[in-house]
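J.: First the structure, which I've put down as structure tokens, then a few questions once you've had a look.
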Amino acid sequence: MKVSIIGAGNVGATCAQFIAMKGIVSEIVLLDIAEGLAAGKAMDLAQSMPALGFDTLIYPEVDDYSKTANSEVIVVTSGQPRKPGMSREELVAVNVSIVESVIKNAIKFSPKAVFVIVTNPLDTMTLVALKASGLPKNKIIGMGTILDSNRFRYFLSKKLQKPINEIEAMVIGGHGDTTMIPIKELATYKGIPISEILTNEAFEEVIKETMVGGATLTKLLGTSAWYGPGAAVTELVDTIVNDKKKLMPNSVYLQGEFGIDGVCIGVPCIIGKHGVEGILEIKLSDSDKIKFINSANAIKEVNGLI
Ligand SMILES: NC(=O)C1=CN([C@@H]2O[C@H](COP(=O)(O)OP(=O)(O)OC[C@H]3O[C@@H](n4cnc5c(N)ncnc54)[C@H](O)[C@@H]3O)[C@@H](O)[C@H]2O)C=CC1
Ligand SMILES: O=C([O-])CC(=O)C(=O)O
């Protein structure tokens, strides 16, 4: 089993690290256009294996896609990250041509792969990938709201002072500071609705922290995050490769679901070896329905720039 990661920067290399450490596949190809970067990261990672007890083969490549041939999954982490003070949407002009060229190169050698898109602005880049690939929509998955959901769980765990793994929560909508929608009704602690435990004011604070979670990290780090993103991609890749049929929110192309047409946006979907194997049209509150429509319209506006 082979996974190729295109873009060996902070997020791509962390994906390689976590995927290797979890032993999800036997081979990882780490490709970048920057001379030396993929080679250095792959060598460094390989030298960590004896101490940590894993032995995935990691092949570095500089722009030679033939080595990615017959990958089960292609992860696209190539492109610029934002700097403090920027929105993700401001990256659209610089990243659109990168994603287009990466997809066109990768698909020549792995026409059956499922593509996981990570580059921002995520929902627009997922649409760019869908169009550039010509693949059926189930093969193109944008990873954003898995990460947002994990951040929602983190801020809830901090507020409640409870272990994060006892908390379930989901974010849908766009992967943007103003477009994501943390769903109150689905947040639970040990199965108990968190709305029964937290005051409305405290819950709203958590929602605000979640929505700017990526921006907060970007301000602290001077560039955007990588551990949370790398872990979320790893969970998604594991779900695809091992055909887990798991319910997880991802950006997928909608054609009428939730009353939305022609955009990629985060919705709960069943993920397995064929990629998106179903979309679950959960019942939204009236206010979340409005937020979802506004989110889709905001994504459409950015899509208009490509
Ligand atoms: N969807 C999500 O949840 C998240 C998305 N991101 C996005 O992921 C992208 C990557 O972020 P980082 O890894 O932090 O950036 P980075 O700058 O550390 O790495 C990006 C890498 O892409 C490479 N690259 C650029 N053009 C390329 C091409 N044509 N072919 C191959 N490689 C190419 C660069 O040489 C660089 O090594 C950014 O757009 C960022 O906004 C980051 C975190 C989370
Ligand atoms: O914040 C960013 O620009 C990177 C990203 O998408 C995230 O960490 O959620």
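Indices start at 1 and increase along the chain as displayed.
Placement of Cβ uses the backbone N, Cα and C atoms for every residue, glycine included.
According to TrEMBL, the protein has these features:
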- 1-142: domain 'Lactate/malate dehydrogenase N-terminal' (DOMAIN)
- Gly7, Ala8, Gly9, Asn10, Val11, Gly12, Asp32, Asn95, Val118, Thr119, Asn120: NAD(+) binding site (BINDING)
- Arg82, Arg88, Asn120, Arg151: substrate binding site (BINDING)
- 145-301: domain 'Lactate/malate dehydrogenase C-terminal' (DOMAIN)
- His175: active site, proton acceptor (ACT_SITE)
J.: So among Arg82, Arg88, Arg151, His175, all listed as recorded positions, which is physically nearest to Gly9 (NAD(+) binding site)? Use the C-alpha atoms.
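T.: Its closest listed neighbour, by Cα, is Arg82.
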J.: Taking the Cβ of Arg82 (substrate binding site) as the centre, how many other Cβ atoms fall within a 10 Å radius?
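T.: Other Cβ atoms found within 10 Å: 18.
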J.: List those of the binding-site residues Gly9, Val11, Val118, Arg151 whose Cβ lies under 6 Å from any atom of ligand 1, in sequence order, or write none if there are none.
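T.: Going through Gly9, Val11, Val118, Arg151 in sequence order, those close to ligand 1 turn out to be Gly9, Val11, Val118.
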J.: I'd like to know which of the recorded positions Gly7, Val11, Asp32, Val118, Asn120, His175 sit within 10 A of Arg88 (substrate binding site) at the Cα level.
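T.: The recorded positions passing the 10 Å Cα test are Asn120, His175.
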J.: When neighbour density is defined as the number of other C-beta atoms within 10 angstroms of a residue's C-beta, which of the binding-site residues Gly7, Gly9 has the lowest density?
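T.: Ranked by other Cβ atoms within 10 Å, the binding-site residues Gly7, Gly9 bottom out at Gly9.
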J.: By a simple count, how many Cβ atoms lie within 10 Å of the Cβ of Arg151 (substrate binding site), its own Cβ left out?
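T.: I get 25 for this one.
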J.: For ligand 2, pick out the binding-site residues Gly7, Val11, Arg82, Arg88, Asn120, Arg151 that have a CB under 6 angstroms away from one of its atoms.
T.: Arg82, Arg88, Asn120
J.: If you count Cβ atoms within 10 Å of each one, which of the recorded positions Arg88, His175 comes out on top?
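T.: The residue with the densest Cβ neighbourhood is His175.
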J.: How big is the Cα-to-Cα gap, in Å, between His175 (active site, proton acceptor) and Asn120 (NAD(+) binding site)?
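T.: Between the Cα atoms of His175 (active site, proton acceptor) and Asn120 (NAD(+) binding site), the distance comes to 9 Å.
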J.: Can you tell me how spread out the substrate site is, meaning the largest CA to CA distance among Arg82, Arg88, Asn120, Arg151, in Å?
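T.: Largest pairwise Cα separation, rounded: 18 Å.
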J.: Kindly report the helix/strand/coil residue split of the domain 'Lactate/malate dehydrogenase N-terminal' (1-142) according to DSSP, in that order.
T.: 67 helix, 28 strand, 47 coil
J.: Sorry to bug you, but what's the C-alpha spacing from Arg82 (substrate binding site) to Asn120 (NAD(+) binding site), rounded to the closest Å?
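T.: Counting only the Cα atoms, the answer is 9 Å.
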J.: Quick one: give me the count of other CB atoms within 10 A of the CB of Asp32 (NAD(+) binding site).
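T.: For Asp32 (NAD(+) binding site), the count of other Cβ atoms within 10 Å is 24.
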J.: Reported as an integer number of Å, what is the Cα distance between Arg82 (substrate binding site) and Val11 (NAD(+) binding site)?
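T.: About 13 Å separates the two Cα atoms.
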